[in-house]
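Inspection log for the structure reproduced underneath, given as structure tokens.
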Amino acid sequence: MAVPPSTHPRRLLPLFLGLFQGALLLFFTLFITYDEPSAQAEDTNLVANQVYSTFPFFQDIQVMLVVGLGLLLTFLPHYGFSALTHNFLLLNFSMQWALVLQGLLHHFHHGQIHLDLHRLLISEFAAVTVLISVGAILGRASPCQLLIMAACEIPAYLASEWVIVTCLGVLDVGGTITIHVFSCYFGLGVSKALFGAMQQPLHPKGTPTPRSDLMSLVGTLILWVFWPSFVAVLCHPGDAQHRAILNTLLAMSASAITTVVASSLLERDGKLSPGHLQNGSLAGGVAIGVVADMAMPPVAALALGSLSAVVCVLGFRFLTPLLGRKLTLHDQCGIHNLHGLPGILGAAASVVAVLVAPEDTSGPHPSQLSPAGGNASEAAGLAVAVGASLLAGLLTGAALRLPCLARPPERLCFDDSLYFKIQDQAESPGPDSGAEEGALALKE
């Protein structure tokens, strides 16, 4: 007769989440409120216009994060339930946590924090960093480890963003430096500290199947369609927002076509790699974010999208295996190729764009830059993002090695049965071997 597993690891997740949500309920009761409705028609119309102009973008971003990114992570055939659910859970957890921290740091006045759609959107942008970073350790970490990682990453991101945007004056409407570069190297730092110098072998359940790759490609298509909203939502309404949408569409269109070209040329038989398509098609959206609202010719957006796709595909083909061999760096989703390398390329493009920008591009809107001092601030912002994220990621990864966080053993990684009641298993007669394996895993 199998020995029943210890219930401590199974109860750790609901206990942690229950305490967190209870604390949030108390905090919202005491400190969170809405703005008082205005009796003046002008103010009412202004608020209505802001809501009607922002909420469609907000809905697009919700579809991106919940559906698009969730499906993109389902390339692991036995980890689809976990990838979708953990992505959804981390989005809500990180958004609420960021809302509290941002409110206390920037919006706490007279004992109250006034909540509006814009502040909720900013909190969701902070949550994006967590969703990207967990891609480095996807399938090899427990839900409790992912939540602790999110709890540590949000304050590190807010501090890094404050230094880059407020202190250095970097204008990054699409989050190329503040979101993509930061989240990439934070995730790689966590991975390095969590797994150490141990070479991660190829797991039998870590290889995609045609069906799982198809689901992931559907996620790519959803992200591709809605990505311009992610880049343009924080731009100044009008010309800047219009330019951001157009530049993003051009860059992503070029990256999609160039991905097909590069992937086909790198394969001996000329066939396409699903992994290249799933990631390279989105690389243009990562790279264009920092320069999307700048006054530049359309050919620049096309060129940047093509270059980012080439860099992404080459990263998957050559750099990821090299880093795995030389540095024993584990990057399950290839976030370095999709977010890190195109992000660095976009930051370099912003330096060039500022240097060649004509003097008359400076205007009343903060999205229009003058060349003076811009290149130094962009380079400094990139250095801060990489350095701060790596340091914070290494410290967080070291904390995730605590035994109480129930990291799954290697033989049960990339498997939904450890965290979900699978219907086929529930209906099958006889002893449940999956449950026995789970019990052994929890005891370990």
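Sequential numbering from 1, following the chain as shown.
Every residue, even glycine, has its Cβ placed from backbone N, Cα and C.
If you look up TrEMBL, you'll see 12-34 (among others) marked as transmembrane segment.
Marked as domain 'Ammonium transporter AmtB-like' by TrEMBL: 24-398.
With a cut-off of 8 Å between Cβ atoms, the residues of this chain six or more beyond the transmembrane segment (54-76) that come close are 83-84, 87-88, 91, 117-118, 120-121, 124, 127-128, 131, 135, 138-139, 205-206, 208, 212-213, 215-216, 218-220, 222-223, 226-227, 229-230, 232-233, 274-275, 278, 333, 414. Sequence annotations record features per position, and here TrEMBL assigns transmembrane segment to 54-76 (among others).
According to TrEMBL, the feature transmembrane segment maps to 88-108 (among others).
Positions annotated as transmembrane segment by TrEMBL: 120-141 (among others). Outside the transmembrane segment (120-141), and at least 6 residues removed from its termini, the chain residues within Cβ reach (under 8 Å) are 54, 58, 61-62, 65, 69, 73, 76, 79, 82-83, 86-87, 90-91, 94-96, 98-99, 102, 149-150, 153-154, 157-158, 161, 175, 179-180, 182-184, 186-188, 190-191, 194-195, 200, 203, 206, 233-234, 330-335, 339, 393, 400, 407-408, 413-414.
Taken from TrEMBL, the feature transmembrane segment covers 162-188 (among others).
Here TrEMBL flags 214-234 (among others) as transmembrane segment. Counting residues 6+ beyond its ends, the transmembrane segment (214-234) has Cβ neighbours under 8 Å at 54, 56-58, 60-61, 63-64, 67-75, 80, 121, 173-175, 208, 241, 244-245, 248-249, 252, 256, 274, 277-279, 281-282, 285, 288-289, 292-293 in the same chain.
Feature annotation from TrEMBL assigns transmembrane segment to 246-266 (among others).
Annotated transmembrane segment per TrEMBL: 299-319 (among others), in sequence order.
Summarising the annotation, TrEMBL assigns transmembrane segment to 340-359 (among others).
The feature transmembrane segment is assigned by TrEMBL to 379-402 (among others). Within the same chain, residues 133, 141, 145, 148-149, 152-153, 156, 159-160, 163-164, 168, 170, 172, 177-178, 181-194, 344, 347, 351 sit at least 6 positions outside the transmembrane segment (379-402) and bring their C-beta atoms closer than 8 Å to a C-beta of that stretch.
As annotated by TrEMBL, region 'Disordered' applies to 425-444.
Counting Cβ pairs under 8 Å that are 6 or more residues apart, the transmembrane segment (162-188) and the transmembrane segment (340-359) reach 3 or more and are in contact. The transmembrane segment (340-359) shares the most Cβ pairs under 8 Å with 299-319, out of the stretches 12-34, 88-108, 246-266, 299-319.
Taken together, the residues of the domain 'Ammonium transporter AmtB-like' (24-398) have an average pLDDT of 90.
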